[in-house]
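**Student:** Here you go, one structure.
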Amino acid sequence: MRAAVAHRILLSLALFAVLCRCDPDLLFDYCVADTAAATAAGAFHLNGLACIDPALARADHFATSALSRATNPAATLYGFNATLTSPAASLPGANAQGLAMARIDLAPGGMAPPHSHPRASEAALVLSGSVLVGFADTSYRLYTQLLRAGEAFVFPRAMVHFLYNMDTAAPAVVLSGLNSQSPGAQLVPFSAFRTEPRLPDEVLKKAFKITGQDVQRIQKHLGGL
């Protein structure tokens, strides 16, 4: 009897694990996004966009130049810009494939501040520059590595991580791959100080051991006031 119960529990856990994968598997070879349907008023929000007729698919649906264009991150709050591929805008052939790519431009001394991707793991490859990367796990252990051009690093799914251009004279460029077409991004500073509506000041004061004036100052510096 106990063996039968244990078997049912293990089977249930196995099925649950399958259902909790990042993105669902395709039932076809590909599902090129119908970008017209994606922008239509009242369009449904799905894990992936509606597909066009496979007979209408073209090679350029599976190609993009979106990541070839450099951006100027110098004027941004943290000195970084991230360009993410999107089935609706730049890479319709990636629809429902469970992946996205990103180009991160880092100004000299710029940083992608501590953040997480709740729905994806990330593999980051440095194309140019010297970039200090790292993540903290759920036991608050920190893993860091200084990467140079041609070197890569993996950020496990949902772990808080950062990328910091150590060079104060030259920019850096990083190319990332993520195993979800909708990885999400949650910046830690904004999650604490830029929510709408705002977190209560008392919560922030107690959590960070700061004063009410500190809360106001940080919110102002983050452009939240």
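Any Cβ shown, glycine's included, is placed from N, Cα and C.
If you look up Swiss-Prot, you'll see 1-22 marked as signal peptide, on the strength of sequence analysis. Sequence annotations record features per position, and here Swiss-Prot assigns disulfide bond to Cys31-Cys51 based on similarity to another entry. Sequence annotations record features per position, and here Swiss-Prot assigns domain 'Cupin type-1' to 65-216. Positions annotated as N-linked glycosylation site by Swiss-Prot: Asn81. Look at Swiss-Prot and you will find His115, His117, Glu122, His161 tagged as Mn(2+) binding site.
Surface or core, plus neighbours and distances: that's what I need for these features.
**Tutor:** Of all Cβ atoms in the shown protein chains, 19 besides its own fall within 10 Å of the Cβ of Cys51 (disulfide bond).
Cβ neighbours within 10 Å of Asn81 (N-linked glycosylation site), excluding its own Cβ and spanning all shown chains: 19.
When secondary structure is read from DSSP and collapsed to three states, His115 (Mn(2+) binding site) falls in the strand class. Using a 10 Å Cβ-Cβ cutoff, His115 (Mn(2+) binding site) registers 19 neighbours.
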**Student:** Would you mind reading off the Cα separation of His117 (Mn(2+) binding site) from Asn81 (N-linked glycosylation site), to the nearest angstrom?
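**Tutor:** Their Cα atoms are separated by 16 Å.
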**Student:** Grab the pLDDT values for the domain 'Cupin type-1' (65-216) and give me their mean, rounded.
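**Tutor:** When the pLDDT values over the domain 'Cupin type-1' (65-216) are averaged, the result is 97.
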**Student:** Same chain, not part of His115, His117, Glu122, His161: whose C-beta falls within 8 angstroms of the C-beta centre of the Mn(2+) site? Give them in sequence order.
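**Tutor:** What remains near the Cβ centre is Ser116, Ala120, Phe135, Phe155, Met159, Val160, Pro183, Ala185.
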